[in-house]
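All remarks here apply to the structure that follows.
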């Protein structure tokens with residue numbers, strides 16, 4: 001617990017699938033529409049994912065992964081050094097018998113993708129490692145009943161995998177980064193690991209019609225256009241990541257990038273919200289105004305200046321300017337670091353802004 005906010009660990013997977021239809025973009029991302037009755041981000045379009053459950057870390061998974069994959073890394077490669085946590089943010093001591101975070105968070109993302117979208121990111125237990133984009137498992141008989149059981153009790157996901165003689169395809173999920181919910185957006189705040197999975201083909205999606213009421217497969221540019229035209233709503237982290245993915249022209253390029261990245265580079269960001277006299281700016285690590293201080297876990301920065309004044313003064317930037325609920329701008333002047341990429345600057349034409 002930090003101040004008044006209760007932090008929960010979570011994982012989300014950006015599911016990128018090859019697109020065979022005639023289109024300049026070579027892949028689409030799965031976006032799920034959250035139900036309006038959800039307390040966190042109601043109605044938003046989000047990547048599949050959810051809160052880490054104790055069942056995701058259970059040592060009972062060890063028997064399922066054996067004998068091909070064994071502790072402590074289960075074939076994920078060397079353990080990467082961890083980014084120091086944001087000052088003042090702690091999740092307490094880990095259970096020494098639990099699975100490593102890298103494994104548990106991947107299982108969490110895969111389980112939640114099944115619960116929310118009906119997509120099974122599983123691999124037969126005896127299948128060798130793949131050097132190309134993965135493929136979702138074809139829906140088995142009795143899927144609806146299993147899905148209901150897993151939603152009621154996450155421990156049933158292990159039972160489902162054993163029933164299918166499969167393991168969660170943790171090796172198809174690549175570290176991408178992570179986001180901490182900024183102060184003020186909600187009393188429910190999340191420490192969310194972002195993972196990326198490339199699939200050769202688009203799998204069948206069946207929203208659960210409880211947490212999720214719809215879905216779309218959209219390219220990064222299509223998602224941006226749908227957001228600007230108010231067809232979908234994206235939270236700032238999802239918008240930033242969509243714009244980051246705009247750097248990749250094809251699924252193969254994205255897959256190569258994820259596969260070749262060093263393991264030690266995944267970073268987790270806490271946006272600090274700078275409230276101006278006429279709007280707000282989400283400051284991200286590397287920005288000249290960003291302050292990594294525990295005080296900002298529970299408060300925002302503020303200024304009497306207008307947003308444009310702040311922008312004119314800035315030189316070293318990594319920020320999202322919130323013009324309105326459906327107009328965000330991204331400004332980055334930092335060079336790419338740690339073998340990751342930044343989004344290109346994204347500025348909305350003023351004449352278009354006036355119409356939105």
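Cβ coordinates come from backbone N, Cα and C, glycine included.
Around residue 116 (Mg(2+) binding site), taking its Cβ as the centre, 25 other Cβ atoms fall within 10 Å, counting all chains. Among the features that Swiss-Prot reports, Mg(2+) binding site is placed at 112, 116.
The domain 'Nudix hydrolase' annotation in Swiss-Prot covers 10-241 and is backed by sequence analysis.
Annotated motif 'Nudix box' per Swiss-Prot: 97-118, in sequence order. The list of residues near the motif 'Nudix box' (97-118) in space but at least 6 beyond its ends in sequence, with Cβ under 8 angstroms from a Cβ of it, reads 9-13, 15, 30, 32, 48-53, 56-59, 61-62, 71-74, 76, 79, 139, 143, 147, 150-151, 154, 157, 168-170, 173, 175, 193, 195, 204-208, 211-212, 215.
The Cβ neighbour count for residue 34 (site 'Important for coenzyme A binding'), using a 10 Å radius and every protein chain shown, is 19. Among the features that Swiss-Prot reports, site 'Important for coenzyme A binding' is placed at 34 (among others).
In three-state terms derived from DSSP, residue 40 (site 'Important for coenzyme A binding') belongs to neither a helical nor a strand segment and is classed as coil. Among the features that Swiss-Prot reports, site 'Important for coenzyme A binding' is placed at 40 (among others), with the record citing similarity to another entry.
Sequence-distant contacts of residue 41 (site 'Important for coenzyme A binding'), defined as residues of its own chain at least six apart whose C-beta falls under 8 angstroms from its C-beta, comprise 34, 235. Per Swiss-Prot, site 'Important for coenzyme A binding' is recorded for 41 (among others).
Following the DSSP three-state reduction, the secondary structure of residue 188 (site 'Important for coenzyme A binding') is strand. Counting Cβ atoms from all protein chains shown, residue 188 (site 'Important for coenzyme A binding') has 14 others lying within 10 Å of its own Cβ. The site 'Important for coenzyme A binding' annotation in Swiss-Prot covers 188 (among others).
DSSP assignment over the motif 'Nudix box' (97-118) gives 17 helix, 0 strand, 5 coil. Around the Cβ of residue 112 (Mg(2+) binding site), the same chain contributes 11, 12, 48, 49, 50, each under 8 angstroms and 6 or more positions distant in sequence. Note: the Cα of residue 188 (site 'Important for coenzyme A binding') and the Cα of residue 40 (site 'Important for coenzyme A binding') are spaced 7 Å from each other. Confidence annotation: the motif 'Nudix box' (97-118) carries a mean pLDDT of 96 in the model. DSSP assigns residue 34 (site 'Important for coenzyme A binding') to a strand. The local packing around residue 40 (site 'Important for coenzyme A binding'), expressed as other Cβ atoms within 10 Å of its Cβ over all shown chains, amounts to 18. Reported as a whole number, the C-alpha separation between residue 40 (site 'Important for coenzyme A binding') and residue 116 (Mg(2+) binding site) equals 15 Å.
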